[in-house]
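Summarising the annotation, TrEMBL assigns transmembrane segment to 23-48, 60-82, 102-120, 140-159, 197-216, 237-261, 273-292. Here TrEMBL flags 41-290 as domain 'G-protein coupled receptors family 1 profile'.
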């Protein structure tokens, strides 16, 4: 398919996180460090939740799904960045860009919905503790996870074909480090304002629905916590919920900037910095926030490390 002198299926050129970088090896080492730590910490979370029976609860099952999403999420973008950085070849094929675009939208959407539904788990645990085993049964947990993945997949299947069917021309240089929607639309030869408006409404809905669930859940939680007579119970409830609110604030805040704020607030440099935050740093921060603020996870980690050290000591004799 041709549009003027431009082929719709030609390769794109990713300009990278920093267009002019005097220290490419330093940037490579930094991104690689963040990537390795993120993959390792999220993998450790999944393993701990799987092997420790004390963590076989709905909350930790949902956390393991969050860690899985983060692993896939950062793996969709960072390996390509690292290869480009070390080889200096920033080209990405049309098919590769389409695949990256679809996976990014699917995983980001799934995480949006999962974070929203996780607030329901906290609401039930604090406001209806006696009914928690029923309201958060294994079947309900499976439905929550399925709904999150399904919601993300719908987002990817709806937006990817429409975005990639536009004829792209100009220099085909994407002023970004991955195939994100706003950066791609800037290369289109046609008027994309109608699609951008539809996408804006879609993003508002994707943010509004989970945010409404979170707001309603935490309003009830705050009321319940305020009425608690025991200081210890109040402290534990606040500690449990604060980790989730920190993660929600980081992820939703960055997404709102990218997809909700008007164009007048955006510059390519700001867009890339915010995108780097929620695509590279958030998968690193999520397991750290939940593990460092959670005695069950730190206790499980210490127990696992103790077993490894003791087995290592025994094997040396």
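Heads up, the Cβ atoms here are built off N, Cα and C, so glycines get one too.
Please treat TrEMBL annotations as automatic predictions, because they have not gone through curation.
Quantities reported herein were computed from a predicted structural model and do not represent experimental measurements.
Across 23-48, 102-120, 237-261, 273-292, the stretch most heavily in contact with the transmembrane segment (60-82), judged by Cβ pairs under 8 Å, is 23-48.
Contact between the transmembrane segment (237-261) and the transmembrane segment (23-48) is not supported, since fewer than 3 Cβ pairs fall under 8 Å when only residues 6 or more apart in sequence are counted.
Residues 17, 31, 34-35, 37-38, 41-42, 44-45, 63, 66-67, 70-71, 73-74, 77-78, 104, 176-178, 180, 243, 246-247, 250-251, 254-255, 257-258, 298, 301 of the same chain, all 6+ positions outside the transmembrane segment (273-292), place their C-beta atoms under 8 angstroms from a C-beta of that stretch.
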